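K.L.:
This structure is in structure tokens; I'll ask about it shortly.
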Amino acid sequence: MKTSRRGRALLAVALNLLALLFATTAFLTTYWCQGTQRVPKPGCGQGGGANCPNSGANATANSTAAPVAASPAGAPYSWEAGDERFQLRRFHTGIWYSCEEELGGPGEKCRSFIDLAPASEKGVLWLSVVSEVLYILLLVVGFSLMCLELVHSSSVIDGLKLNAFAAVFTVLSGLLGMVAHMMYTQVFQVTVSLGPEDWRPHSWDYGWSFCLAWGSFTCCMAASVTTLNSYTKTVIEFRHKRKVFEQGYREEPTFIDPEAIKYFRERIEKGDVSEEEDFRLACRHERYPTRHQPHMGDSWPRSSAHEAAELNRQCWVLGHWV
């Protein structure tokens with residue numbers, strides 16, 4: 001039982017550690033959701049020479065033509081129409097930040113996702129953040145208790161207590177993690193519809209941080225189930241061994257005929273004490289007709305000072321041998 005219990009404890013510790021690593025990584029990264037955003041192309045006034053009517057080969061042809069009317073107040077303009085006026089840029093978002101790639105450059109521009117969320121959803125987002133933090137803290141507590149259980153593996157009672165507390169903390173952390181992930185998903189979907197115009201995604205999907213978060217939840221629940229299973233199996237094995245141990249020392253049931261008790265009591269009250277030993281031997285003989293028949297000068301079978309005392313207890317009723 002000790003080896004199997006230690007093996008189950010090691011499995012629970014490994015699953016809990018994996019859940020903790022996944023949860024911490026997902027909490028600190030910005031790839032919960034990723035996709036593309038549709039943004040306008042730069043106009044002529046913003047350095048977009050390719051979009052200007054006088055760029056390239058058209059510049060010579062248009063040099064003798066009438067000048068093109070400029071847009072009012074020098075605002076940028078573009079001759080493209082429809083979807084050609086837009087281009088797609090990639091973005092990725094986490095709990096803390098949302099980052100978009102820079103157009104025409106290798107870098108990224110990041111801004112706080114909490115600021116991007118609608119005012120009606122900021123409370124839910126903060127609740128999600130708090131739940132994620134509690135989720136990680138409870139995972140740490142459960143992991144510590146499981147490690148203590150491994151240290152106290154020689155003591156069954158102490159191990160069971162630590163096992164029970166570790167299972168409770170792990171289950172609670174899993175529930176908090178599930179609620180936190182679902183709340184963040186809800187906030188992101190609302191932000192997609194009601195967020196700032198310059199941020200709203202054209203298309204999006206869940207990223208690897210989101211997969212890590214739910215993988216952490218899966219490992220956490222697997223660790224809790226393993227811990228509960230270890231606790232249950234240890235209790236059942238312990239009770240079974242105790243039951244077998246008690247049955248090994250339990251006295252066999254004694255069935256005494258009330259009429260025989262009355263008969264022996266009347267004989268003794270008449271003063272026929274000389275037959276008391278015969279009554280005792282008869283009791284032994286009747287009780288164990290094959291295994292324990294007394295023989296003069298012989299010892300009892302099954303080796304037996306202890307068993308002889310047991311027979312005496314079984315035949316002694318109301319102060320007399322019966």
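Cβ atoms are placed via backbone N, Cα and C, with glycine included.
What you are looking at is a predicted structure, and each value in this text was computed from that prediction instead of being measured.
As listed in Swiss-Prot for this protein:
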type	residues	note
TOPO_DOM	1-8	topological domain 'Cytoplasmic'
TRANSMEM	9-29	transmembrane segment
TOPO_DOM	30-122	topological domain 'Extracellular'
TRANSMEM	123-143	transmembrane segment
TOPO_DOM	144-163	topological domain 'Cytoplasmic'
TRANSMEM	164-184	transmembrane segment
TOPO_DOM	185-207	topological domain 'Extracellular'
TRANSMEM	208-228	transmembrane segment
TOPO_DOM	229-322	topological domain 'Cytoplasmic'
MOD_RES	SER274	phosphoserine
K.L.:
How do the residues of the topological domain 'Cytoplasmic' (144-163) split into helix, strand and coil according to DSSP?
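P.N.:
For the topological domain 'Cytoplasmic' (144-163), the helix, strand and coil counts are 16 helix, 0 strand, 4 coil.
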K.L.:
Quickly jot the same-chain residues contacting the topological domain 'Extracellular' (185-207) by Cβ under 8 Å, restricted to those at least six beyond its ends, or write none.
P.N.:
31-39, 88, 91-93, 98, 100, 113, 116-118, 120-121, 124-125, 128
K.L.:
Report the DSSP secondary-structure composition of the topological domain 'Extracellular' (185-207) as helix, strand and coil residue counts.
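P.N.:
Across the topological domain 'Extracellular' (185-207), the residues distribute as 10 helix, 4 strand, 9 coil.
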K.L.:
I need to check the long-range neighbours of the topological domain 'Cytoplasmic' (144-163): which residues 6 or more away from its ends have a CB within less than 8 Å of a CB in the stretch?
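P.N.:
Apart from its flanks, the topological domain 'Cytoplasmic' (144-163) reaches 2, 5-6, 9-10, 12-13, 16, 169, 223, 227, 230-231, 234-235, 238.
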